[in-house]
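Copied over from Swiss-Prot:
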BINDING   566-573, 1416-1423  ATP binding site
DOMAIN    530-763  domain 'ABC transporter 1'
CARBOHYD  ASN14  N-linked glycosylation site
CARBOHYD  ASN53  N-linked glycosylation site
CARBOHYD  ASN124  N-linked glycosylation site
CARBOHYD  ASN140  N-linked glycosylation site
CARBOHYD  ASN228  N-linked glycosylation site
CARBOHYD  ASN620  N-linked glycosylation site
CARBOHYD  ASN945  N-linked glycosylation site
CARBOHYD  ASN1350  N-linked glycosylation site
TRANSMEM  22-42  transmembrane segment
TRANSMEM  251-271  transmembrane segment
TRANSMEM  307-327  transmembrane segment
TRANSMEM  344-364  transmembrane segment
TRANSMEM  373-393  transmembrane segment
TRANSMEM  405-425  transmembrane segment
TRANSMEM  1100-1120  transmembrane segment
TRANSMEM  1144-1164  transmembrane segment
TRANSMEM  1183-1203  transmembrane segment
TRANSMEM  1213-1233  transmembrane segment
TRANSMEM  1245-1265  transmembrane segment
TRANSMEM  1310-1330  transmembrane segment
Amino acid sequence: MVVLRQLRLLLWKNYTLKKRKVLVTVLELFLPLLFSGILIWLRLKIQSENVPNATVYPDQHIQELPLFFSFPPPGGSWELAYVPSHSDAARTITEAVRREFMIKMRVHGFSSEKDFEDYVRYDNHSSNVLAAVVFEHTFNHSKDPLPLAVRYHLRFSYTRRNYMWTQTGNLFLKETEGWHTASLFPLFPSPGPREPSSPDGGEPGYIREGFLAVQHAVDKAIMHYHANASAHQLFQKLTVITKRFPFPPYISDPFLIAIQYQLPLLLMLSFTYTSLTIIRAVVQEKEKKLKEYMRMMGLSSWLHWSAWFLMFLLFSLIVVSFMTLLFCVKVKKDIAVLSNSDPSLVLAFLLCFAISSISFSFMVSTFFSKANMAATVGGFLYFFTYTPYFFVAPRYNWMTLSQKLLSCLLSNVAMAMGAQLIGKFEAKGTGIQWCDLLNPVNVDDDFCFGQVLGMLLLDSVLYGLVTWYVEAVFPGQFGVPQPWYFFLMPSYWCGNPRTVVGKEEEGGDPEKAFRTEYFEAEPEDLAAGIKIKHLSKVFQVGNKDKMGIRDLTLNLYEGQITVLLGHNGAGKTTTMSMLTGLFPPTSGHAYIRGYEISQDMVQIRKSLGLCPQHDVLFDNLTVAEHLYFYAQLKGLSVQKCPEEVKQMLHTLGLEDKRDSRSKFLSGGMKRKLAIGIALIAGSKVLMLDEPTSGMDAVSRRAIWDLLQQQKSDRTVLLTTHFMDEADLLGDRIAILAKGELQCCGSSLFLKQKYGAGYHMTLVKEPHCNPEGISQLVHHHVPNAMLESHAGAELSFILPKESTHRFESLFAKLEKKQKELGIASFGASVTTMEEVFLRVGKLVDTSMDIQAIQLPALQYQHERRASDWALDSNLCGVMDPTNGIGALIEEEEVLVKLNTGLALHCQQFWAMFLKKAAYSWREWRMVAAQILVPVTCLTLALLAINYTSEIFDDPPLKLSLNEYGTTVVPFSVPGTSRLGQQLSEHLRDMLQAERQEPREVLGDLEEFLVFRASVEGGGFNERCLVATSFKDSGERTVVTALFNNQAYHSPATALAIVDNLLFKLLCGPRASIEISNYPQPRSTLQVAKDQFNEGRKGFDIALNLLIAMAFLASTFSILAVSERAVQAKHVQFVSGVHVATFWLSALLWDLISFLVPSLLLLVVFRAFDVHAFTRDGHMADLLLLLMLYGWAIIPLMYLLSFFFSAASTAYTRLTIFNILSGIATFIVVTIMRIPAVKLEELSRTLDHVFLVLPNHCLGMAVSNFYENYETRRYCTSSEVATHYCKKYNIQYQENFYAWSTPGIGKFVTSMAASGGIYLTLLFLIETNLLWRLRTFVCAFRRRWTLAELQNRTSVLPEDQDVADERSRVLVPSLDSMLDTPLIINELSKVYDQRAPLLAVDRISLAVQKGECFGLLGFNGAGKTTTFKMLTGEETITSGDAFVGGYSISSDIGKVRQRMGYCPQFDALLDHMTGREMLVMYARLRGIPERLIDACVENTLRGLLLEPHANKLVKTYSGGNKRKLSTGIALIGEPAVIFLDEPSTGMDPVARRLLWDTVARARESGKAIVITSHSMEECEALCTRLAIMVQGQFKCLGSPQHLKSKFGSGYSLQAKVRSEGKQEVLEEFKAFVDLTFPGSVLEDEHQDMVHYHLPGCDLSWAKVFGILEKAKEKYGVDDYSVSQISLEQVFLSFAHLQPPTTEDGR
């Protein structure tokens, strides 16, 4: 029941996601229909010709050899060979045969057949042998007679001589080779008569090659040998002639030939995109950790697969139903693509193929954890599994049944074989029917359609088993691997016996063993929800082991929130991942609600709620759908779901976002939703990994309240980087450092252990005197310590024992506040932040902020002294201009940034190295780029050579028994006695051979026509020969009629007649058994045959196109991923020129393209393909390939703009390449076949398709090959030249000729299109289009803007904001050039269903050395402002100027003057931190000699040195932010934009970042910063504005805003109430009494937060009162500060409506 419910839920999820991905779904439907459409279109275009009357053929005389043989061969006469030469009888018969013919001929005996074969192979005169008669008897003596039962075989030349070019449209038709003795019928049957225009039956040439004449002559000679006189008498009154069966009225349909060859390929291409989509969808879920997240929520793996399978199956069912409809529906009078086949069987076949394709895609997906890589390799494998068909098709008749079945283990081959069978049944005229399911097409074959269906289903099962096994043993990055033999373990099938936690483990206090003073006693009265015992995790990094967690032992209790703290990389996320079963612990145990994590994960997951660090949301599900989905997944009933979801939406405050898709939510809302998912359906164990990162202050508070409410009966584990959050929420706080647990206890316990006393924090004014402050503090409190000096903050530690001196100190500070330049100050007891920093410092001195700051500055001082010999007044910590400023100062003096050509070259080099690094790091991709084309071509050439490695034909007995039981009609219209006699003998003879003689009383030919039209295709297998005995004057004419649909019926028919005559002469025991055993090929012929490959040029081109389709689309991957993560935007902002960016990429990609191209030449050389390797044609081929590269790469760049995910781009562009190359190439090639009669249309299409590089390449390669071979043939001999002229076979002397088959137009087209695509690319990217875009957008949006601005509330504007506006609106020219950033009435409207005014007329001027803070709630318009300022979004109205240049008109110049750190890290995973900084340093134009020093400084200043040489993808979130900030700061741009730079950083890193930013500011840079951390804004900003609904609501320095919008003090106190409410109430009463007018702002658990209004309150006084009250009211901890910025910020909260879209 549960299973069904989960299955239904997953199906609903998959269906909803599919429904929302409209384009993908449409493409999946459209592509199969497109390929079916191509067939329908061809069906309509290819005219079938109706032949209304029966076709009747004339008699064929076999008494004489054809005329061709009356001309002697070059250099001699024809030879008639016989074996064995020592037998007189053999010689006699052969001589008799020679005398029978009128031409000059000599007899040549060979002692054994081997001698004869050697003669044929190696003797140059062997081509003169007309035929050899080989008797299959052992003649011991020369005089031994010939027995009555004669057995012999005729050996004619392998290559036919009397062969005329027939106009089949393909010069070198494979079928012209050999005698087809391996098969009885053609591989592909034809619906009309075979070779309708040849009365002699055409191939393999029994009549025209003289085979029947020789056969009849030998048979007559045998009769004369045994009964000379009576034979002589018989043949005087009897003549034997042959005749072809008449053919009933039929429709001549060249389309059936096209379909037999192309149906498999088109079906395979139809499912390519579906296959790639499946692989991508499944792996993307794995890559985004969604699959593992669902597993953590209690979903079993097999259900996950079943749901995917059912969804894709249902979808495929729709697709194949449409395809069946298109194939079987009659498009014009009684003609469909498959006119005769049973639609239900066609549907069954396509469905079986779809099922096996789905299973195949599943199997491929298990080997990958990255969607890009999976789609790349998966697509290649999909094609790769089709290639064996190229080997199978030509060898089909030689293969045994088991070989055919084995090759069907690849589903694509099985499908191709099935499609081929459908084509054969269609051509046979019956179509495939259910009754034919177990019957082969004809007697030749032993393979039937039922076996194909069976194999497709078997493949699906096998692929499914591989999927199951691989997923269990290699679950990828996330998941617990099973041992390789897991399926043999009973525990796998029956489950583990439940491990009961041992009594000693239950009772034992885990922390006793190593209890130190830093671990607080455990609560006695609470149950432990999670017990962790000695848990360790070791990671393999390269060859080294890296300790992730070392021996962690910890209890987490129900009803409590346990907070886990640690700097980035301390092991918090690792611990959570082990507890949730994402990866297994290396050693140790953990029990969650009594279940062990490595054994009972299934049980544990039922009660687990998880909110991971990264959002694991489905982009296309709405908020409510997420909650529904996960609630039901955890087991909530459908009935209770709506209420629970409604409740949760209310709790989260997301009611208005109920129906928004998650991809449109802002970062903060996504976090809320993730927490909601963790909480929903009453999860008992919650694990929240940084749940509030990226939220604004209001949202964060809401989440705190939510967690406090929800914790009562749950065990909650939470990690965070916000110390106030830890302090407020944590009942117990555990701190990890370097993978080890350092301490654990309540926040109070930790503060007592680690606290050093009180902290006094001062915010400096620009003219501040830090020295003076320091002296003053030390005067009052001698043992005070300077704690940190970061940004605008100074903080001192005042020891507890000096409390009595504080009042006088504070009084003095208040008095001298102006004089010392103090903006504001506050004091607090030990904070959690301090505890955290102290713990870090004890474990690792590199975490000590002062220790870090000093050496960094010292180092810079030394560098400056040595490198630039500049003196500086560096006075340690107190000097404000250092750090990154170290480089800044020099640059003003010495360092001149590169400009002009030098800058362009430097940028080009930087971009080129970026591409090179990508290839180097993504070596698998490069390997695929090289191997795919080489493999494809090698396989194609192997298949072609394998085909052309023509086997010598086997012997074939010319007897009806080969065909099974057949009907032999005969008629005796004459009255002669001989005729009657013969007919009776015939009846007896046939019955003895188990054949069915049938006497026809009327006209025999009419009977045959009637039977053929009644029986249809089956007639050709049941009736192969017929005979008539009629009188012609004195003579009786015996006619051997043969059904020409079978290859060997002429000789078989004659053999029956000759046998009949022999029996008549010599009695029933007489018989002649004849076989056709063609001669082996001579070495000369073998060499010649190598070239006569039918579709070799076509095959080479086709495989090359398949390879190129995959190769070309890889060039889009980096382009898309750079754009998606905004790295490209940041590079442009850093000053890269468009041409530099794209041309460097093009150059590298052309070099990457050259490597496989050269290897392709090597392959052609290895296979010695003359067309491409002789006469200097290798250079031509290389030119073709490189021109293709030059055309296709820019096209891929252009098309990459349509995609936002690299994997999507890769799959869709591969499909585009297949369509634009293979599909167009096949269509044009089919239309060029003369029989199809569409040459004119093919020429038109060929010209239309010239814009597609893929088409040009395919046609050029194919034409080049064909032209070479035709030219070589036509100039090989006079006869050949005569033939070529006679049949108008054209070739070009100049390969580059314009007209077909020259390749001039393709070459020119590729050369031109490369240039055109590049020009288009530059137009899209450059200012020209940018300006046009700005103009058009602005034009369209201005009226919307005016309308919206009229609507916005007419609130009076704040005075400061108005002053700033007027300052900006009337600027002087000097001030414009001097002011780094001026924003003038900037507005932005987003066109949505309801147009959104995101930014509304903001004006601002940011001066040098100023750090301006943009504050606002999520959705206030901060990020949109940044996007406009950096040129990512167009401006609706207004403008902005950077260094005097306008953003609307001079975006290029503007970008050279700005640094930008976007909200989400715009980093390239494949580079190291150092490489990225070096790249951006080059982009900025820092001279090469200084780059290393500059990068070193930046790394040191941001504490990134230990990580400098690691790949960015291995960085933690905090380190990525540091690197992004470093990139913005490097090269000293005039204006720096930082969008939430410190998100996700731990406190140490955050302070270092502030330091760095402050130094940049002090060196004269203008900085604009947005942040959710008010602390950060106070530390860094000189001025700030609070944005609400796209407008500035207030503006000024932090102190100014605090004084204006909030006066008095802020008091936060934590009371030790121990759950007794009255204790807290007493304290609250005390505050109300002592500070009249005080307002209780906030109350959380035991924490109260008051606003103390006070004009008359002095800080010293407040402090004094609280010190005294501390003991009395049990105040654990309090802090008094001037009103904080956060409170000012929150006072604007009510003005901001609920947010709309991400970051706007």
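Using N, Cα and C of the backbone, Cβ positions are placed for all residues, glycine too.
The structure, with features from Swiss-Prot marked on it.
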residue : record                      : DSSP class
ASN14   : N-linked glycosylation site : helix
ASN53   : N-linked glycosylation site : coil
ASN140  : N-linked glycosylation site : coil
ASN228  : N-linked glycosylation site : helix
GLY566  : ATP binding site            : coil
LYS572  : ATP binding site            : helix
ASN620  : N-linked glycosylation site : coil
ASN1418 : ATP binding site            : coil
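Counted over residue pairs 6 or more apart, the CB atoms of the transmembrane segment (1100-1120) and the transmembrane segment (1310-1330) come under 8 Å in fewer than three pairs, which marks the two as apart. Take the CB of ASN53 (N-linked glycosylation site) and look out to 10 A: across all protein chains shown you find 10 other CB atoms.
Same-chain residues lying 6 or more positions outside the transmembrane segment (251-271) and placing a CB less than 8 Å from one of its CB atoms are 31-32, 35-36, 38-39, 42-43, 46, 48-51, 188, 190-192, 196, 323, 337-338, 350, 353-354, 357, 383, 386, 389, 412, 415-417, 419-420, 422-424, 426-427, 1218, 1222-1223, 1226, 1230, 1233, 1235-1237. Between the CA atoms of ASN620 (N-linked glycosylation site) and LYS1422 (ATP binding site) there is a gap of 25 Å. Comparing Cβ neighbour counts within 10 Å across the binding-site residues LYS572, LYS1422, the minimum falls on LYS572. Below 8 angstroms of C-beta separation, residues 1108, 1112-1113, 1115-1116, 1119-1120, 1123, 1142, 1145-1146, 1149-1150, 1153-1154, 1157, 1160, 1209, 1212-1213, 1216-1217, 1253-1254, 1256-1257, 1260-1261, 1264, 1303, 1307, 1310-1311, 1313-1314, 1317-1318, 1320-1321, 1324 of the same chain, each at least six residues beyond the ends of the transmembrane segment (1183-1203), sit close to that stretch. The secondary structure of ASN945 (N-linked glycosylation site), as reduced to three states from DSSP, is helical. The recorded positions in question are ASN140, ASN568, ASN620, ASN1418, and the one with the fewest Cβ neighbours inside 10 Å is ASN140. Around GLY1416 (ATP binding site), taking its Cβ as the centre, 25 other Cβ atoms fall within 10 Å, counting all chains.
Here the glycosylation sites are ASN14, ASN124, ASN228, ASN945, and the one ringed by the most other CB atoms within 10 angstroms is ASN14. Every protein chain shown contributes to the tally, and the Cβ of ALA570 (ATP binding site) ends up with 26 other Cβ atoms within 10 Å. Neighbour list (GLY566 (ATP binding site), Cβ cut-off 8 Å, at least 6 residues apart, same chain): LYS572, THR719, ILE735, LEU736, ALA737, ASP1546. For ASN1418 (ATP binding site), the spatially nearest entry among the glycosylation sites ASN14, ASN53, ASN124, ASN140, ASN228 is ASN14, judged by CA separation. Rounded to a whole number, the distance between the Cα atoms of ASN14 (N-linked glycosylation site) and LYS1422 (ATP binding site) is 35 Å. Mean pLDDT, taken over the domain 'ABC transporter 1' (530-763), works out to 86 on the 0 to 100 scale. Around the Cβ of ALA1420 (ATP binding site), a 10 Å sphere holds 28 further Cβ atoms from the protein chains shown.
When the binding-site residues ASN568, ALA570, ALA1420 are compared by Cα distance to ASN53 (N-linked glycosylation site), the shortest distance belongs to ALA1420.
Distant neighbours of the transmembrane segment (405-425): 187-189, 256, 259-260, 263-265, 267-268, 338, 340-341, 346, 349, 353, 356-357, 359-360, 382, 385-386, 388-389, 392-393, 396, 399, 431-433, 436, 441, 447-449, 451-453, 455-456, 458-460, 462-463, 1017; these residues of the same chain sit at least 6 beyond its ends, with a Cβ under 8 Å from one of its Cβ atoms. The shortest Cα-Cα distance between GLY1416 (ATP binding site) and any of the glycosylation sites ASN14, ASN124, ASN228 is the one to ASN14.
Nearest Cα neighbour of ASN945 (N-linked glycosylation site) among the listed recorded positions (ASN124, ASN140, ALA570): ASN124. Considering only the recorded positions ASN124, ASN228, ASN568, ALA570, ALA1420, the residue whose Cα is spatially closest to the Cα of ASN140 (N-linked glycosylation site) is ASN228.
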